[in-house]
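To start, the structure itself, in structure tokens.
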Amino acid sequence: MLQPQTFGSYHSPPHQLHEDLFASAAHRFLRDANNHRTLPINGSDQTIEFLLSRLNLTSDDPPFHGHTTPIDDGGASSSRSIPPPMAFEGSHQQQQQQVSNWAQPSTTNGPLVAHHNINVGTGFSGRGPYPHNQLINYSQRQDFYNYFDHRFLHGTGSTPSDARYNDPVVPFARENSSLYALAQQLTPDFMVGKIAFLAKHQIWSGALVLKLEGGLGVVELNMVLLEVMECWDDLLRNQFGGQFVQKLFTVCDEDQRTRIIMTITRFPFKLISVCLHPSGTKSVQKLLEKLSTPQQISLVVASLIPGAVVLATDCKGQHIIHYCVRRFPVEYTKHLLSEITENCFSIGTSKSGCCVLQSCVDNARGEARPQLILAIIENAVQLAEDPYGNYVVQHLLEMGIPELTKYILRRFQGCFVSLSCNKYASNVVEKLLQSGDEVSVTIIIELLRSPNASMLLVDPYGNFVIQNALSTAKGELYDSLERFVQANEASMQNNLYGKKILAWFVKKKPYIDKKKPYYF
């Protein structure tokens, strides 16, 4: 007979356990059969194999890894291969003792974990990484391993016990008892000097948040606040550290929140650098949403003023300016708006800054708004020719304020031909042509009197201005434009953009007073 195989100090392969289970089942079957005397049975290997062949083995069983032996089922046509049964020497009692001794941990190599397969039910008890070779229920193993891995990963130096399965789990941690178990370890002695490290860790930060939700004592909370204030900028730049600071800010009272804000705003350029960080800007926005006193708001806005231009022109920092202008009263943001007004050109000519200027125009109140609008009008020509600044000027025209439109018209006078040939400014000129009859007449007259007016007929962008002028002109002004186009018909027929103007007459024929065809 063969003994259970061991290789040095290592256990047998996992499939060996299944072989032993088959052998144990066979011996039990032999014992019960001999007791009842229902059929003559001996303990030969051939009879044991015959009995094993009668076990219910379905085709859904997972394949075993190892050697296989064909089954002799006494003439049956099936020759399914299964692991051979394990046999032990001696009497029945000795065999049972050998099985028991083999199943118990007798080596120093560590715990033996049962091989996972569908034949193991929910009531199976297998060895796990418990101290003192304790047994755990199979249904608890997956939860235990998650918990054990977290503990071992972070080097806590302690081994979990089975007491946690008997303790009630609080509702908010019922689906993640591993995280709850970590939160239970966060004692003052454990946390001291480690708050920054734990808060930036993906797993421990969640445990800290659970700890804050469960409530901290006065001593613990003060200890956490002191450590957070020393490295607040590093925490806000971290995804998990920022979430921890937000939760800490929520559980603190007003005085503690003010202390945090005073610490953050003590060095304005640190706060500005955090606002320029992808994760930092999100953390700062969450903190801005939780400001509740005038002192807190004024401290934050005042610390942002030195970096207003940098923030407004940055794709991340612009969100901070947007939030302050939209949410905070004008008495807190007037100095911030003043800084933006003084630098409106540099801000308006950037991709992010043009959006900030439009937001400031819409949300500014009091004296700050007209000052900002006048500053934009003073730079209207340069802004109109910029890829981003032209949107700021168009935004002012879309406000539909007649006086504001007249100011912009006066600013553009003498420059309409050059602006019409510009890729970006031509859009502003077209917007002006649609701002009313009085404005369109002024523009069309200047275009027709210009010695370079014929350039517009063959220009890639000027031809759109001429088409727009033809659509808005009426009466004698329209006739003047028509004669102007007729005079340059020859040069236009050989030009791609001139043909577009000639095609306009074909499309708009029903709106032309004269019925004869034009310019084919």
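Glycine is treated like the rest: Cβ placed from N, Cα and C.
Annotation source TrEMBL lists region 'Disordered' at 61-107. Taken from TrEMBL, the feature domain 'PUM-HD' covers 164-509. The repeat 'Pumilio' annotation in TrEMBL covers 227-262, 375-410, 411-446, 447-486.
Over the repeat 'Pumilio' (375-410) the predicted model carries a mean pLDDT of 95. The helix, strand and coil residue counts that DSSP assigns across the repeat 'Pumilio' (227-262) are 32 helix, 0 strand, 4 coil. Helix, strand and coil content of the repeat 'Pumilio' (375-410), in residues and according to DSSP, is 28 helix, 0 strand, 8 coil. When DSSP labels each residue, the repeat 'Pumilio' (447-486) comes out as 29 helix, 0 strand, 11 coil, counted as helix, strand and coil in that order.
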